[in-house]
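Features of the protein shown, as given by TrEMBL:
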- A:90-301: domain 'ABC transmembrane type-1' (DOMAIN)
- A:37-64: transmembrane segment (TRANSMEM)
- A:84-115: transmembrane segment (TRANSMEM)
- A:127-145: transmembrane segment (TRANSMEM)
- A:157-183: transmembrane segment (TRANSMEM)
- A:282-305: transmembrane segment (TRANSMEM)
């Protein structure tokens with residue numbers, strides 16, 4: 001900005017004094033270097049991503065080659081007899097994340113709409129802060145809470161459904177609690193972008209809060225809300241510590257909602273440090289699968305975002 | 001002025017550090033978590049006495065084998081022994097250092113004392129075939145106990161561990177069905193039950209769950225006041241898990257005839273033997289790259305055999321009997337330095 005001004009007022013570089021010209025040249029140089037540094041940073045991320053994918057593929061190749069299709073069809077992960085089936089872990093990962101989303105989405109949207117539409121002014125700030133604090137709790141704390149509080153509660157209240165308290169559904173509930181703050185925070189910010197004039201006109205026409213939320217707010221910020229959900233889903237898919245504590249860590253495929261199971265992240269966390277050879281390679285292959293699942297979810301969300309005409313954050 | 005002080009401090013500490021490193025290099029080792037408490041107790045006492053420290057990383061048995069194979073440590077430690085073939089392939093020498101017991105603990109509301117089980121019943125519980133505490137098989141072993149109609153929740157170690165190895169090794173010996181369907185190993189796929197992390201996790205899951213049964217190292221059960229199962233041993237006697245029954249199992253072990261000292265002490269003969277007892281092993285290269293470091297490590301182990309018994313017992317571990325220790329000392333003559341001489345000269 002400063003440069004253009006200087007050029008305009010002096011109408012041409014020729015009339016500039018030696019020192020000014022030097023200063024300008026130096027600024028231009030700094031700018032060039034700044035751009036190069038920015039490019040290097042951005043490129044480093046790409047490079048890193050590529051390197052991670054490449055090393056995952058290379059190190060998981062022995063297992064993929066050895067087991068082939070059976071890696072995806074075998075119903076158990078038994079390291080001692082070198083039978084490695086990804087199915088129990090993939091099933092657990094997808095199911096727990098699904099349970100988490102099913103619980104978290106309505107609750108989060110509800111909180112967000114309450115905060116933006118119905119919340120008394122004096123409550124708004126403390127409530128928002130508390131939700132943001134929830135988002136900052138380390139996952140190991142959720143894990144301990146799940147094991148020491150939630151699991152015993154579920155066991156006491158529903159002994160026939162949760163005989164051990166732990167299991168896939170328990171992990172899904174913990175994940176829901178963990179991602180609610182994320183989805184809520186994003187949704188609240190997105191809903192706040194709806195112009196006041198829009199909702200005021202709707203209220204002016206005699207709409208109820210439900211109607212305003214349902215017909216005015218949600219449709220106009222659909223894309224942003226999807227973005228928030230995907231952010232939460234991304235966290236749920238890869239969450240490790242909290243899930244490991246409560247998922248039951250059973251390595252047999254157990255296609256139920258409340259049974260004991262495992263997830264990709266939990267299985268890797270449990271076995272990686274003691275593994276070698278084929279087992280390590282198979283665990284890395286699991287990591288690759290998680291990578292692909294997460295990538296697919298993000299790509300799907302991008303697709304939804306592009307196809308939605310709504311505003312987004 | 002300040003600069004000068006810093007410079008003096010830094011150069012001083014450098015000199016001290018260098019001198020310290022020259023005088024007494026710490027012994028490096030890595031591996032099993034099971035014997036870690038006793039190793040660190042020994043290391044403290046040994047350092048007080050000799051001034052030589054031990055840097056032991058409890059990264060797990062698998063990690064210990066990896067580290068010693070890669071020669072990044074002077075000794076490795078593992079709860080699961082390596083077979084003679086594996087040892088020879090990697091040029092390693094193996095010996096037992098300390099023993100311990102794995103016990104089955106349970107939590108059933110209404111039962112305050114202990115219960116009796118035998119191996120096949122325990123295996124059936126962990127296979128998911130016996131699912132209720134008032135099952136006929138359990139009732140037959142406990143005729144005097146009024147068993148409640150409570151579902152059984154088997155609890156196991158979720159991560160790879162030497163405790164898993166001992167427990168599955170035992171179940172594989174007493175149940176062919178378990179052996180064929182699950183098998184032994186540090187990490188197996190359990191057909192039924194809940195996986196908890198580490199001994200502490202298993203202990204807390206048992207304490208929290210009505211109807212739970214699980215297995216932990218004896219020290220954990222003793223510290224957590226869990227109700228313990230009495231198990232029927234190979235001789236057909238129901239024995240209580242304690243120091244005496246662990247010692248009885250250890251006393252019957254035939255180390256002399258075990259090639260490469262590969263011996264897992266589960267299901268040992270003897271009237272009073274606790275059936276799930278195991279030793280923790282040390283691994284060292286027969287061809288030492290650093291003769292001094294290996295000699296220092298062997299001195300430490302020799303000291304531990306001679307002086308470590310009380311410390312081990314106070315932590316609920318079983319020390320190796322003297323005759324086994326003597327046998328191990330003799331095997332150390334196989335460890336040779338770069339010049340071909342044995343590094344261990346008593």
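The backbone N, Cα and C atoms fix where each Cβ goes, and this holds for glycine too.
Looking at A:37-64, A:84-115, A:127-145, A:157-183, the range that has the most CB pairs within less than 8 A of the transmembrane segment (A:282-305) turns out to be A:37-64. Below 8 angstroms of C-beta separation, residues 92, 95-101, 103-105, 107-109, 111, 131-132, 134-135, 139, 142-143, 145-147, 150-151, 228-229, 231-233, 235-236, 239, 242-243, 246-248, 254, 256-261, 263 of the same chain, each at least six residues beyond the ends of the transmembrane segment (A:157-183), sit close to that stretch. Listed as Cβ neighbours of the transmembrane segment (A:37-64) (distance under 8 Å, sequence separation of 6 or more from its ends, same chain) are residues 71, 84, 278, 280-282, 284-285, 287-288, 291.
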